[in-house]
Each structure stands twice: as structure tokens, then as C-alpha cells.
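Chemist: Pasting a structure here, questions to come.
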Amino acid sequence: MSTDAAEAVPAAVAPAKRAPINKYAFACALLASMNSVLLGYDISVMSGAQLFMKEDLKITDTQIEILAGVINIYSLFGSLAAGVTSDWLGRRYTMVLAAAIFFTGALLMGLAPDYAILMVGRFVAGIGVGFALMIAPVYTAEVAPTSARGFLTSFPEVFNNFGILLGYVSNFAFARLPVHLSWRAMFLVGAVPPVFLGVAVLAMPESPRWLVMRGRIDDARRVLRKTSDSDDEAEARLLDIKKVVGIPEGVSDADDVAAIVRAGSNNKSGDGVWKELLVNPSRPVRRMLVAGLGLMFIQQATGVDCVVMYSPRVFERAGIKSKTNSLGASMAVGACKTFFIPISTLLLDRIGRRPLLLASGGGMAIFLFTLATSLHMMDRRPEGEAAALGAVSIAAMLSFVASFASGLGPVAWVYCSEIYPLRLRAQAAAIGTGLNRIMSGATTMSFLSLSNSITIAGSFYLYACIAAAGWVFMYFFLPETMGKSLEDTAKLFGKDADDEDAVAAGRHERKKSSSTELVTAQH
């Protein structure tokens, strides 16, 4: 081969190394996401507490069903309020408020003398859960650099699952106490984490996007330099945020810029946002809402919270009769969720959101169908074969939980925190969180009644059909967002109405100018 020919062959280029995780952004995401422990703990601790509460307070299955699921309905009010509060007080103080509210709710539930006070405690705790659910992923997405946004924004779901595991451990640990003390101890332990969380959050910086919205440009720049992979990326992120907020390009960060932003802060704090989201949304916003709300619906309509909250009853149906043994087996559900969720956390920024969602949704549909079929067949087989089918049921349930934890569980929150533009993000996230909680409440509050009506197997067949339909929805309606900045992600859903108006106006001006020139030439 000649020298010239050899020189014409391009040299192999080593693949670019991934930037190391920014330690400061990692710490911020870690602290913010710890709020999600509250929801996970409350859901799973109820699975064991209900067994002793029913005996102690002499309440019915219907009352248990309402008590277990109504916290998700209550959390709707918390998530909607958090959308306003986070724009008013800031992301950080909203997280402190969430911890304080949940602390109060845990005390009320643990010290409740009767069912009525217990319901009051569930209401207060539900408000705190709604705050925590909405604000943690929003804050994390706004702090995280693009290179690690998926990894860091999945942390809330990681800690949610850790909370679920803690709830199951608490159930098992206090199960041997006297009946009137066991369930109270389970709830009172839930008042401990909010104390540490409320203090720890105060050490975090405020979201740079909220700081820019308030005209605190220099403060936002300092936070971005600490949470970005380089100073150039920090300046690029700041420029994107300023552009969305409405600060003209090339204008300095002097006091007049701060005044411009403060003057328009009322418009950025929620006024008109609800109209833009729900009354007169543009075409891209409609597509975002379909994607985000559809994903939140699917995540809960597949019945995952029913499996978590009523796992002792499902294990009992599968052949584990002892309360202590069923609570011990339920710990396997929490361990399974906690063990498998790092899979999605590590792969989000490597293979993308869509592959994880589709693999997870497909697995969930298959294992729900398997679980339903094995439970259905147990009624028609002798005890020897029924025991084998019980083992299949348990394996299918754990596999369903693993599929959810390794995809749809964390990825749904990541996806919905990054698809909306800045001006709509807090309120849109609040709507999505509200729908998520409504569906969780609807499934958990209806599971026992549904099971009595169409059997437990029939319930899981229904959830399997929803999971299959969800897979089709995710395949056709969810574009990939990996590697996109938060400001660029919105472009995946089409041009904004403002952009289309600007293009149309430009065409009109050019046409008008051409017509004027033609008339001038004719004269």
C-alpha cells in the first residue's frame, strides 16, 4: 500500500469517555430523593399494620380498604399544592414543608385512639406524600447535568423502594408485640425519617431554574458551576434557562435584568400556566400531556401498589397461612424492588428511556398473566399440585415486581420530569403526580372488593390487559429523551405554537415586502 493511500485511511478514534458523575449534583439529588422514603414506607407498612389494626379496632375489610388507599387520594391535594408552593417558596423549602407535614401525619396515625383519628392522620400524611412525590424529581432534574440527568432523577424511585423495604422490615420486627401496640409502633417509626430529612434539605442549594425565575442570576450561576461537568456547560445551561424565562440574549446580569425577571415573576409563578396546560394548550403541549399523563396512568393502573400493600393476602392465597410467615415473605417483595431498581438507574443514560420502558412493560404483562393463571388453576387442582402452583404464583409476583422496578417504576418519574418546558414544569408535574396518586388510590381502594367480585386471579388478569395496552401506548407515543437538555427535550414533541406563529409572521412579512417591491417597480 502506498504512503498516500495509507494516509487516506482514517485512524481509529477511541470512543469518548463518559464524564464522571458530578459529586455535588449527586449529593443534591441524594438528599432531595430521600423524601420518597416517606411514601414507600407508608405504603408497605400498611400491608402489615392492617392485619393487627383490624383485630384491635374491630374494623371491616371495607374500612381497611378505604384506609389503605385513601392516602393516595389525599396526596393529590398535596401534589397540586406543591406545584404552586414550589414556585412561590422555592423547591428546597417545599421539601422541608413535605417532611414536616408527613411527620405530623405519622404521629397522628401512631397515636390514634380510633378509626376517625386514624383517617385524619392519613389525610395529613397524604398531603406530605403528595408534596414529596411532586417536588423531588422536579428539583433533581433541574439540578442534574445532562450527562447524568437520567441516573440522578431516578433516585426518588430508588428511595421509594428503600422505604417499601423498611416498611416490610418494620412489619416483621413489631409483629410479635401485643396487638394494640404492634400497628402503632409501625406507624410511629415513620415519624423518625422526616426529622432528619427536614434538617438535611436545608444544606442543599436552591434550584438554578427557580433562582433565575426570581432574578437571582449570580446565585443561579454559582449553583450551575457546582452541578455542571464544566464551566462552559454551566454557562450554556444558564443561557438556556434565561432564554426560556424571557431574558433577551446578550443582556448583562446587572440589576436591570433582575428587575425584568422580578417584574415578570408573577407570570412565571403559575398565573396563566393552568390555562396554557388545560384550557388552550398548543399542539406540543398536548402531546407532552398525553405522553406524561398516559405514562403516569399506566404505572399505577397495572396494580403494583396492590401487590405491595396486599402482598400478605396474596401470599396467603398462594398457600402461606401464618401471619408471621406471610410478613416475612412480604419482605422478599421489598428486597426484590430494592435489588432490581439499580438496573434502570445505571442504564438510563446508557441505553435510553424507551428500551427500559418497553422491556419493563412487556415483562409486567407476561408475569401478571402468569400470576393470574396460576392462582386460577390452584382452585381446580388437588393440594399437591396446588402447592406447586403456589410456588409459581410467588415467583410470578416477585418477577412482576422486578420488572416494574427495573423499568416503569423509576423511568416514568424521570421521563415526566424532563419533557415539559420550564414555564409549565412544576404545574404539569403536579398534574401527573395527582393522576398517579388517583390511580394508586383507585386500585388499592378497590382491590379487595374487586377480588371478592371477580376473584384475585380475575383482578390480575385485568391488570395484565392494562399492562399490555400500556406497552402499545409507550411504543407509539413516547420519543427518546436521553442526551437532550431540558430546554431541547420539548422540541421532540413538535414546534411550539409561538415558533409556528413567528414562522407564519415571517412568511407574511416577506410576502408583503415582495408585493410592495412589485408595486413600486410597476410605478
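Each residue, glycine too, has its Cβ placed from N, Cα and C.
Sequence annotations record features per position, and here TrEMBL assigns transmembrane segment to 24-46, 66-86, 93-111, 117-139, 151-169, 181-204, 288-310, 330-348, 355-375, 387-416, 460-478. As annotated by TrEMBL, domain 'Major facilitator superfamily (MFS) profile' applies to 28-482. Per TrEMBL, the feature region 'Disordered' maps to 503-523.
Give me the structural setting of these features: burial, nearby parts and distances.
Modeler: Per-residue pLDDT, averaged across the domain 'Major facilitator superfamily (MFS) profile' (28-482), gives 84.
Long-range contacts of the transmembrane segment (387-416) within its own chain (CB-CB distance under 8 A, at least 6 residues past either end) are made by residues 137, 141, 149-150, 153-154, 156-158, 160-161, 291-292, 295-296, 298-299, 302, 304, 307-308, 311, 314-315, 317-320, 329, 332-333, 336-341, 343-345, 348, 353, 356-357, 359-361, 363-364, 367-368, 370-371, 374-375, 377-378, 381, 429, 432, 478, 481.
Sequence-remote contacts of a segment are chain residues at least 6 beyond its ends whose Cβ falls under 8 Å from one of its Cβ atoms, and for the transmembrane segment (460-478) they are 287, 290-291, 294-295, 298, 301-303, 306, 353-354, 357-358, 361-362, 364-365, 368-369, 371-372, 375-376, 415, 450, 454.
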Chemist: Name the range, of those listed as 24-46, 93-111, 355-375, that has the largest tally of Cβ pairs under 8 Å with the transmembrane segment (181-204).
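Modeler: Of the candidates 24-46, 93-111, 355-375, 93-111 scores highest.
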Chemist: Within this structure, do the transmembrane segment (151-169) and the transmembrane segment (24-46) have 3 or more Cβ pairs under 8 angstroms, counting pairs 6 or more apart in sequence?
Modeler: yes
Chemist: Which residues of the chain, 6 or more past the ends of the transmembrane segment (288-310), have a CB below 8 A from one of its CBs?
Modeler: 43-44, 46-47, 68-69, 72, 164, 277, 281, 333, 337, 357, 361, 364, 368, 397, 400-401, 404, 408-409, 412, 415-416, 419-420, 428, 431-433, 435-436, 439-440, 443-444, 447-448, 459-460, 462-463, 466-467, 470, 473-474, 477-479, 490, 493
Chemist: Excluding the flanking five residues on each side, which residues at least 6 beyond the ends of the transmembrane segment (66-86) place their CB within less than 8 Å of a CB in that stretch?
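Modeler: Distant Cβ neighbours of the transmembrane segment (66-86) are 39, 42, 46, 50, 53, 59, 94, 97-98, 101, 115, 118-119, 122-123, 125-131, 133-135, 138, 210, 269-270, 305, 309-310, 426-427, 429-431, 433-434, 437-438, 440-447.
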Chemist: Cβ under 8 Å, sequence separation of at least 6 from the ends of the transmembrane segment (151-169): give me the contacting residues as numbers and ranges.
Modeler: 21, 25-26, 29-30, 32-48, 133, 136-137, 140-141, 143-144, 186, 308, 327, 330-331, 333-335, 337-338, 341-342, 344-346, 348-349, 405, 409-411, 413-414, 417-418
Chemist: Which sequence-distant residues neighbour the transmembrane segment (117-139)? Criterion: at least 6 residues beyond either end, Cβ under 8 Å.
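Modeler: That would be 28, 32-33, 35-36, 38-39, 42, 53, 57, 67, 70-83, 85-86, 91-92, 94-95, 97-111, 153, 155-156, 187, 194, 207, 413-414, 416-417, 425-426, 429-430, 433-434, 436-437.
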